[in-house]
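These features come from Swiss-Prot:
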SIGNAL    1-24  signal peptide
DISULFID  C59-C87  disulfide bond
DISULFID  C65-C222  disulfide bond
DOMAIN    68-226  domain 'GG-type lectin'
Amino acid sequence: MRIAGAIKFVIAVALFLLTFYVISQVFEIKMYSNLGNIFARSAPDTVAHPTTKAPRYRCGISKVCPEKHFAFKIASGAANVVGPKICVDDNILMSGVKNNVGRGINTALVNGKTGALIETTYHDLWGGEVGPFIEFLKKIPDGTIVLMATYDDGATKLNDDARKRIAELGSSLISVLAFRDNWVFVGGKGIKTKSPFEQHIKNNKDTNKYEGWPEVVEMEGCIPQKINE
């Protein structure tokens, strides 16, 4: 009887230990599973999300131009240090980097039909003479887009004849351009109306950004392509 009781006791203990082992294993699996879910939820999202890159328009302007228009961006010079910059249809026509700018009025001539560059030049209207500038203005072909930007001083030697010829290109502000003013303009030879593309900042010692010069004036837009003869 004692032996049978001992056997029963051993069997009971073994069953208890087996049951405890099974329960502990199941609990441990669930615990690891729950911890895995927790860490999975808290882990940072490492999936790369595609970013939308802002579109770049021609000449870096802020909008796309309609069909049959040329994008342009133009900036005057900064004091007598940084030259002006003229861009048309994503082509830099004049800039300090291109080394084709100078003191006075900087001018780029562009074919009104194709947008192709015709000529770039500048005329020193502080230390030079206005005569060559007037002759240049006279010879601009009809249908030509004319882009102008001042650098340092573009007004001292301007006379009434030169101002009149620039006004005929569509300028409304050339009559008030004065010593060291900053001015940018886009017009055309043979234009019938005043151009909407013109900006002017007056040289004023109380508001000048640089000592003796106003801040840079910039302008951008879309020039209609010339269609008809």
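Every residue, even glycine, has its Cβ placed from backbone N, Cα and C.
Sequence-distant neighbours of C65 (disulfide bond) (same chain, 6+ residues apart, CB-CB distance under 8 A): Y57, R58, A71, C222. Long-range neighbours of C59 (disulfide bond) (same chain, six or more residues apart, CB within less than 8 Å of its CB): A71, F72, K73, C87, V88, D89, D90, E220.
Taking the disulfide-bonded residues C87, C222 in turn, the residue surrounded by the fewest other Cβ atoms inside 10 Å of its Cβ turns out to be C222. Restricting the average to the domain 'GG-type lectin' (68-226) gives a pLDDT of 97.
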